[in-house]
Amino acid sequence: MIDLKVLRENPDAVRASQLARGEDPGLVDALADADTARRAAISAADNLRAEQKSASRLVGKASPEERPALLAAAKELADKVRAAESAQAEAEKAYSAAHMAISNVIIDGVPAGGEDDFVVLDTVGEPTALTDPKDHLELGESLGLIDMERGAKVSGSRFYFLTGFGALLQLGLFQLAVRTATENGFTLVIPPVLVRPEIMSGTGFLGAHADEVYRVEADDLYLVGTSEVPLAGYHSGEILDLSEGPKRYAGWSSCFRREAGSYGKDTRGIIRVHQFDKVEGFVYCRPEEAEAEHDRLLGWQRQMLGLIEVPYRVIDIAAGDLGSSAARKFDCEAWVPTQQTYRELTSTSNCTTFQARRLGVRYRDENGKPQTAATLNGTLATTRWLVAILENHQQPDGSVRIPEALVPYVGTEVLTPKN
């Protein structure tokens, strides 16, 4: 949820953010009206309760002659209190709905526009020049790494098996990510992949894209699409000690996405699938530290991409392509030779205080007063990285060279086709 102080002091900034996102600026006025109505309802109920308390004292002191009239007035006042409390509850409900409807306020400098309006911040390496390159699936099948056919037989479309060196390659990639994270002060966490509705909602994943989330209706739980969700919920309702700096976690988990809005897109291979694995960095910090921490997350992502030796670019995502929780997001996209384009391998989002406010995550400031924390997240490795590794490191004979940093984990320098 956005900070109401920002809404009250600078509603134009919130309207501008909504417009940049391509969302309804009228929601800002609706929230302002709901906030005013809620505060009025609270005040009215408080005043009536105070009046009721005074009336009760009068009844206790009243003479027998005065008592009947005072009791009748007290009963009438009790009815008014009940009505006022009911009105307050309705006002609170309307306010909460209006508050939840507004996306996070974007940070100054975020590009306006939609999916294609990103800004390229940096490009690293030259696109790999290959003659008649094979795509990752052809390579994966010839090397015995990926089995889509049996994945579909067992689970349906967009499922797969990673086998042999394919499994070792992913495991090695994740071990490298964990080593990178822990060397930089992250605590490794293997979180649950089923979460309660309030945690999924608190992170902003039950809004416009709720149809992308798998739900286990019998237990009223949701399968996570990223360990960002359980890690955001990890400290929900808590007051953190951030006096020694940010709290950084690296979550290793399986992730699940329905891809409901992706019909017909990336149907070949493992670029867009229903289940994959990921190591996700997650940070709690003071709001004033968030932008610097965002840059650090991006730096660790770039370090990982350097270790797997693929050409990539860094882009600043436009406001209309941001999730509701993100105030700014950077993506790192790797070159995919067979598609002759860059594809997303990482994203890192600065969610400012948006998620923490929903989830009740706070810290104590220098005066000991509880304040809302900021949260950030960023990919450190995921299954999709295998696409970039296989395609960029393929050799003319159909083999694939393993990046030097992964050789100790995979156990070989070259993967060769099976006969």
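The chain as shown is numbered from 1 upward.
The backbone N, Cα and C atoms fix where each Cβ goes, and this holds for glycine too.
ATP binds ARG257, ARG258, GLU259, GLU344, LEU345, THR346, SER347 as Swiss-Prot records it, and from the list VAL273, VAL283 the residue named for this site is VAL273. Of the listed candidates (GLU280, GLU288, GLU289, GLU291), Swiss-Prot assigns GLU280 to the same L-serine site as THR226, SER227, GLU228, THR379. Its own atom aside, the Cβ of SER347 (ATP binding site) has 22 Cβ atoms within 10 angstroms in the protein chains shown.
Cα spacing between GLU344 (ATP binding site) and THR379 (L-serine binding site): 11 Å, rounded to the nearest whole number.
Per Cα geometry, THR226 is the residue among the binding-site residues THR226, SER227, GLU228, GLU280, THR379 nearest to GLU259 (ATP binding site).
In this view, ARG257 (ATP binding site) is surrounded by 20 other Cβ atoms within 10 Å of its Cβ, with every protein chain counted.
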